[in-house]
Amino acid sequence: MTNIILLGPPGAGKGTQARRLVEERGMVQLSTGDMLREAKDSGTEMGNKVAEVMAKGQLVTDEIVIGLIEEKLAADGGAGFIFDGFPRTLGQADALGRLLARMGQKLDAVIEMQVDDEALVSRITGRYTCGDCGEVYHDETKPTKESGKCDVCGSSNLKRRADDNADSLRTRLMEYYKKTSPLIGYYYHAGELFQIDGLAEMNAVGDAISRVLDQQN
Ligand code: AP5
(Lines of atoms letter the chains of each structure in order from A and count residues from 1; the text may use other names and numbers.)
(Lines give C-alpha, C1' and ligand atoms only; values in the text may rest on other atoms or scores of the structure.)
Protein backbone atom coordinates (compact mmCIF):
# COMPACT_ATOMS: atom_id res chain seq x y z
CA MET A 1 0.00 0.00 0.00
CA THR A 2 1.28 3.46 -0.88
CA ASN A 3 -0.32 6.42 0.89
CA ILE A 4 0.29 9.88 -0.50
CA ILE A 5 -0.78 13.47 -0.03
CA LEU A 6 -1.29 15.76 -3.03
CA LEU A 7 -0.49 19.20 -1.64
CA GLY A 8 -1.01 22.45 -3.52
CA PRO A 9 -3.09 25.62 -3.79
CA PRO A 10 -6.61 25.70 -5.25
CA GLY A 11 -6.42 24.76 -8.92
CA ALA A 12 -2.98 23.13 -8.69
CA GLY A 13 -4.39 19.99 -10.34
CA LYS A 14 -4.76 17.76 -7.25
CA GLY A 15 -8.19 16.40 -8.23
CA THR A 16 -7.19 15.86 -11.87
CA GLN A 17 -4.13 13.82 -10.90
CA ALA A 18 -5.90 11.94 -8.10
CA ARG A 19 -8.52 10.68 -10.55
CA ARG A 20 -5.78 9.47 -12.84
CA LEU A 21 -4.08 7.55 -10.02
CA VAL A 22 -7.38 5.90 -9.10
CA GLU A 23 -7.77 4.72 -12.68
CA GLU A 24 -4.17 3.72 -13.35
CA ARG A 25 -3.14 2.28 -9.98
CA GLY A 26 -6.32 1.32 -8.14
CA MET A 27 -5.65 3.82 -5.37
CA VAL A 28 -8.50 5.37 -3.33
CA GLN A 29 -9.04 9.14 -3.56
CA LEU A 30 -10.03 10.88 -0.33
CA SER A 31 -10.99 14.45 -1.22
CA THR A 32 -12.23 16.46 1.75
CA GLY A 33 -13.56 19.06 -0.72
CA ASP A 34 -15.79 16.40 -2.36
CA MET A 35 -16.87 15.05 1.05
CA LEU A 36 -17.79 18.55 2.22
CA ARG A 37 -19.72 19.28 -1.00
CA GLU A 38 -21.72 16.09 -0.32
CA ALA A 39 -22.38 17.21 3.29
CA LYS A 40 -23.38 20.65 1.96
CA ASP A 41 -25.96 19.11 -0.36
CA SER A 42 -27.45 17.09 2.51
CA GLY A 43 -29.46 20.14 3.69
CA THR A 44 -28.68 19.41 7.37
CA GLU A 45 -27.71 22.17 9.84
CA MET A 46 -24.08 21.09 9.59
CA GLY A 47 -24.39 21.05 5.78
CA ASN A 48 -25.73 24.62 5.71
CA LYS A 49 -22.88 25.89 7.90
CA VAL A 50 -20.33 24.14 5.70
CA ALA A 51 -21.92 25.64 2.56
CA GLU A 52 -21.53 29.17 3.94
CA VAL A 53 -17.88 28.69 4.90
CA MET A 54 -16.96 27.06 1.57
CA ALA A 55 -18.69 29.71 -0.54
CA LYS A 56 -16.53 32.37 1.15
CA GLY A 57 -13.39 30.32 0.47
CA GLN A 58 -12.55 29.85 4.15
CA LEU A 59 -11.48 26.59 5.78
CA VAL A 60 -14.00 24.34 7.52
CA THR A 61 -13.04 23.45 11.12
CA ASP A 62 -10.40 20.77 11.75
CA GLU A 63 -12.89 18.84 13.88
CA ILE A 64 -15.31 18.34 10.97
CA VAL A 65 -12.77 17.35 8.33
CA ILE A 66 -10.79 15.03 10.61
CA GLY A 67 -14.07 13.28 11.47
CA LEU A 68 -14.86 12.84 7.76
CA ILE A 69 -11.42 11.40 7.00
CA GLU A 70 -11.50 9.07 10.01
CA GLU A 71 -14.77 7.58 8.74
CA LYS A 72 -13.37 6.98 5.24
CA LEU A 73 -10.12 5.44 6.48
CA ALA A 74 -12.11 2.57 7.88
CA ALA A 75 -12.91 1.44 4.29
CA ASP A 76 -10.67 -0.65 2.04
CA GLY A 77 -7.72 1.48 0.88
CA GLY A 78 -7.07 -0.49 -2.33
CA ALA A 79 -3.50 0.13 -3.50
CA GLY A 80 -3.27 3.08 -1.11
CA PHE A 81 -4.96 6.33 -0.14
CA ILE A 82 -4.53 9.61 -2.02
CA PHE A 83 -5.24 12.49 0.35
CA ASP A 84 -6.50 15.30 -1.91
CA GLY A 85 -6.98 18.65 -0.14
CA PHE A 86 -6.24 17.14 3.28
CA PRO A 87 -4.44 17.94 5.50
CA ARG A 88 -4.71 21.72 5.21
CA THR A 89 -3.53 22.78 8.69
CA LEU A 90 -0.82 21.60 11.06
CA GLY A 91 -3.57 20.24 13.35
CA GLN A 92 -4.94 18.12 10.50
CA ALA A 93 -1.43 16.88 9.63
CA ASP A 94 -0.84 15.74 13.22
CA ALA A 95 -4.24 14.04 13.28
CA LEU A 96 -3.54 12.21 10.01
CA GLY A 97 -0.23 10.92 11.38
CA ARG A 98 -2.02 9.59 14.47
CA LEU A 99 -4.85 7.97 12.44
CA LEU A 100 -2.42 6.19 10.09
CA ALA A 101 -0.26 5.00 13.00
CA ARG A 102 -3.35 3.61 14.73
CA MET A 103 -4.07 1.59 11.57
CA GLY A 104 -0.46 0.35 11.40
CA GLN A 105 0.10 2.41 8.25
CA LYS A 106 2.33 5.29 7.23
CA LEU A 107 2.58 8.12 4.79
CA ASP A 108 4.89 7.33 1.86
CA ALA A 109 5.11 10.66 0.04
CA VAL A 110 3.81 14.21 0.12
CA ILE A 111 3.79 15.60 -3.40
CA GLU A 112 3.75 19.38 -3.57
CA MET A 113 2.37 20.61 -6.90
CA GLN A 114 3.92 24.00 -7.56
CA VAL A 115 1.86 26.45 -9.65
CA ASP A 116 2.01 30.26 -9.71
CA ASP A 117 -1.00 32.39 -8.74
CA GLU A 118 -1.59 33.75 -12.25
CA ALA A 119 -2.11 30.26 -13.69
CA LEU A 120 -4.41 29.37 -10.78
CA VAL A 121 -6.82 32.18 -11.60
CA SER A 122 -7.34 30.99 -15.17
CA ARG A 123 -7.52 27.33 -14.10
CA ILE A 124 -10.19 28.03 -11.48
CA THR A 125 -12.32 30.42 -13.49
CA GLY A 126 -12.30 28.04 -16.51
CA ARG A 127 -13.08 24.86 -14.60
CA TYR A 128 -16.28 22.79 -14.83
CA THR A 129 -17.02 19.24 -13.73
CA CYS A 130 -19.43 16.47 -14.52
CA GLY A 131 -22.04 16.37 -11.74
CA ASP A 132 -22.58 12.65 -12.35
CA CYS A 133 -19.11 11.05 -12.63
CA GLY A 134 -16.92 13.91 -11.32
CA GLU A 135 -14.68 14.24 -14.40
CA VAL A 136 -12.90 17.63 -14.36
CA TYR A 137 -12.79 19.86 -17.47
CA HIS A 138 -11.49 23.30 -18.43
CA ASP A 139 -12.82 25.79 -21.01
CA GLU A 140 -9.43 26.03 -22.73
CA THR A 141 -7.07 23.26 -21.64
CA LYS A 142 -9.55 20.37 -21.44
CA PRO A 143 -12.95 21.03 -22.99
CA THR A 144 -15.43 18.19 -23.51
CA LYS A 145 -15.11 16.66 -26.99
CA GLU A 146 -18.80 17.25 -27.63
CA SER A 147 -20.15 20.54 -26.30
CA GLY A 148 -22.26 20.13 -23.13
CA LYS A 149 -21.67 16.35 -22.83
CA CYS A 150 -19.29 14.54 -20.49
CA ASP A 151 -16.66 12.50 -22.40
CA VAL A 152 -16.61 9.78 -19.74
CA CYS A 153 -20.27 9.08 -18.89
CA GLY A 154 -22.19 11.06 -21.55
CA SER A 155 -24.10 13.11 -18.93
CA SER A 156 -25.14 16.67 -19.75
CA ASN A 157 -25.03 17.58 -16.02
CA LEU A 158 -21.92 19.80 -16.29
CA LYS A 159 -21.48 22.22 -13.38
CA ARG A 160 -19.35 25.10 -12.13
CA ARG A 161 -18.53 25.35 -8.40
CA ALA A 162 -20.03 28.17 -6.29
CA ASP A 163 -16.55 29.02 -4.91
CA ASP A 164 -14.87 29.21 -8.33
CA ASN A 165 -15.07 32.99 -8.60
CA ALA A 166 -12.44 35.71 -8.23
CA ASP A 167 -13.56 36.82 -4.71
CA SER A 168 -13.62 33.35 -3.14
CA LEU A 169 -10.39 32.45 -4.90
CA ARG A 170 -8.60 35.40 -3.25
CA THR A 171 -9.67 34.10 0.19
CA ARG A 172 -8.84 30.49 -0.74
CA LEU A 173 -5.33 31.53 -1.76
CA MET A 174 -4.86 33.54 1.46
CA GLU A 175 -6.02 30.55 3.52
CA TYR A 176 -3.58 28.36 1.59
CA TYR A 177 -0.56 30.60 2.19
CA LYS A 178 -1.43 31.26 5.86
CA LYS A 179 -2.59 27.85 7.06
CA THR A 180 -1.59 25.17 4.53
CA SER A 181 1.82 26.23 3.18
CA PRO A 182 3.48 25.64 6.62
CA LEU A 183 2.91 21.93 5.85
CA ILE A 184 5.65 22.15 3.21
CA GLY A 185 8.25 22.68 5.97
CA TYR A 186 6.53 20.14 8.23
CA TYR A 187 6.80 17.34 5.66
CA TYR A 188 10.23 18.46 4.42
CA HIS A 189 11.58 17.97 7.94
CA ALA A 190 9.90 14.55 8.09
CA GLY A 191 11.80 13.62 4.86
CA GLU A 192 8.51 12.94 3.05
CA LEU A 193 8.30 15.93 0.69
CA PHE A 194 8.64 15.75 -3.13
CA GLN A 195 8.18 18.88 -5.24
CA ILE A 196 6.97 18.78 -8.83
CA ASP A 197 6.19 21.36 -11.51
CA GLY A 198 2.41 21.62 -11.54
CA LEU A 199 2.55 24.09 -14.43
CA ALA A 200 3.62 21.39 -16.84
CA GLU A 201 1.15 19.79 -19.26
CA MET A 202 -1.27 17.33 -17.53
CA ASN A 203 0.42 14.14 -18.80
CA ALA A 204 3.87 15.46 -17.83
CA VAL A 205 2.58 16.20 -14.29
CA GLY A 206 1.17 12.66 -14.17
CA ASP A 207 4.53 11.22 -15.23
CA ALA A 208 6.35 13.22 -12.53
CA ILE A 209 3.94 11.86 -9.88
CA SER A 210 4.40 8.32 -11.21
CA ARG A 211 8.16 8.64 -10.87
CA VAL A 212 7.77 9.60 -7.20
CA LEU A 213 5.40 6.67 -6.59
CA ASP A 214 7.68 4.19 -8.36
CA GLN A 215 10.53 5.21 -6.05
CA GLN A 216 8.39 4.19 -3.06
CA ASN A 217 7.89 0.58 -4.21
P1 AP5 B 1 -11.26 21.62 -2.49
O2 AP5 B 1 -12.38 21.00 -3.21
O3 AP5 B 1 -10.19 20.74 -1.91
O4 AP5 B 1 -10.64 22.70 -3.45
P5 AP5 B 1 -9.16 23.28 -3.62
O6 AP5 B 1 -8.09 22.80 -2.73
O7 AP5 B 1 -9.39 24.74 -3.63
O8 AP5 B 1 -8.68 22.66 -4.91
P9 AP5 B 1 -9.47 22.57 -6.20
O10 AP5 B 1 -10.41 21.43 -6.21
O11 AP5 B 1 -10.06 23.93 -6.49
O12 AP5 B 1 -8.30 22.39 -7.27
P13 AP5 B 1 -7.44 21.11 -7.67
O14 AP5 B 1 -6.05 21.31 -7.17
O15 AP5 B 1 -8.12 19.83 -7.34
O16 AP5 B 1 -7.42 21.35 -9.24
P17 AP5 B 1 -8.18 20.56 -10.42
O18 AP5 B 1 -7.55 19.25 -10.64
O19 AP5 B 1 -9.65 20.62 -10.26
O20 AP5 B 1 -11.79 22.53 -1.29
C21 AP5 B 1 -12.89 23.41 -1.45
C22 AP5 B 1 -13.23 24.04 -0.12
O23 AP5 B 1 -13.64 23.01 0.82
C24 AP5 B 1 -12.12 24.80 0.60
O25 AP5 B 1 -11.99 26.13 0.14
C26 AP5 B 1 -12.59 24.70 2.06
O27 AP5 B 1 -13.63 25.61 2.30
C28 AP5 B 1 -13.16 23.31 2.14
N29 AP5 B 1 -12.16 22.27 2.52
C30 AP5 B 1 -11.75 21.23 1.74
N31 AP5 B 1 -10.84 20.48 2.40
C32 AP5 B 1 -10.68 21.06 3.61
C33 AP5 B 1 -9.84 20.76 4.72
N34 AP5 B 1 -8.98 19.71 4.69
N35 AP5 B 1 -9.91 21.57 5.80
C36 AP5 B 1 -10.76 22.64 5.84
N37 AP5 B 1 -11.57 22.98 4.81
C38 AP5 B 1 -11.52 22.21 3.70
O39 AP5 B 1 -7.74 21.51 -11.65
C40 AP5 B 1 -8.23 22.84 -11.77
C41 AP5 B 1 -8.46 23.17 -13.25
O42 AP5 B 1 -7.19 23.20 -13.92
C43 AP5 B 1 -9.32 22.13 -14.00
O44 AP5 B 1 -10.17 22.78 -14.90
C45 AP5 B 1 -8.28 21.25 -14.73
O46 AP5 B 1 -8.81 20.72 -15.94
C47 AP5 B 1 -7.15 22.25 -14.99
N48 AP5 B 1 -5.83 21.62 -14.92
C49 AP5 B 1 -5.41 20.66 -14.05
N50 AP5 B 1 -4.12 20.33 -14.28
C51 AP5 B 1 -3.71 21.10 -15.32
C52 AP5 B 1 -2.47 21.23 -16.03
N53 AP5 B 1 -1.39 20.50 -15.71
N54 AP5 B 1 -2.41 22.13 -17.04
C55 AP5 B 1 -3.49 22.89 -17.38
N56 AP5 B 1 -4.69 22.80 -16.76
C57 AP5 B 1 -4.80 21.94 -15.74
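Positions of Cβ are set from backbone N, Cα and C atoms, glycine also.
Curation does not apply to TrEMBL; its annotations are automatic.
If you look up TrEMBL, you'll see Gly11, Ala12, Gly13, Lys14, Gly15, Thr16, Arg127, Val136, Tyr137, Ala200 marked as ATP binding site. The annotation region 'NMP' is assigned in TrEMBL to 31-60. Residues annotated as AMP binding site in TrEMBL: Thr32, Arg37, Gln58, Leu59, Val60, Gly85, Phe86, Pro87, Arg88, Gln92, Arg161, Arg172. The domain 'Adenylate kinase active site lid' feature in TrEMBL is assigned to 127-163. For Cys130, Cys133, Cys150, Cys153, the entry in TrEMBL reads Zn(2+) binding site.
Within the same chain, residues at least 6 positions away in sequence whose Cβ sits under 8 Å from that of Gln58 (AMP binding site) are Thr171, Glu175. Long-range neighbours of Arg88 (AMP binding site) (same chain, six or more residues apart, CB within less than 8 Å of its CB): Thr32, Leu59, Val65, Glu175, Tyr176, Lys179, Thr180, Leu183.
For Cys153 (Zn(2+) binding site) paired with Val60 (AMP binding site), the C-alpha to C-alpha distance reads 31 Å. Long-range neighbours of the region 'NMP' (31-60) within the same chain, counting only residues 6 or more positions beyond its ends whose Cβ lies under 8 Å from a Cβ of the stretch, are 14-15, 18, 68-69, 72, 84-86, 88-89, 134, 161-163, 167-172, 175, 179. Other Cβ atoms within 10 Å of the Cβ of Cys153 (Zn(2+) binding site), summed over all protein chains shown, number 12. With helix defined as DSSP H, G or I and strand as E or B, the region 'NMP' (31-60) counts 22 helix, 1 strand, 7 coil.
Proximity to Cys150 (Zn(2+) binding site), defined by a C-alpha to C-alpha distance within 10 angstroms, is shown by the following binding-site residues from Gly13, Val60, Tyr137, Arg161: Tyr137. Cα of Arg127 (ATP binding site) to Cα of Arg161 (AMP binding site): a span of 8 Å.
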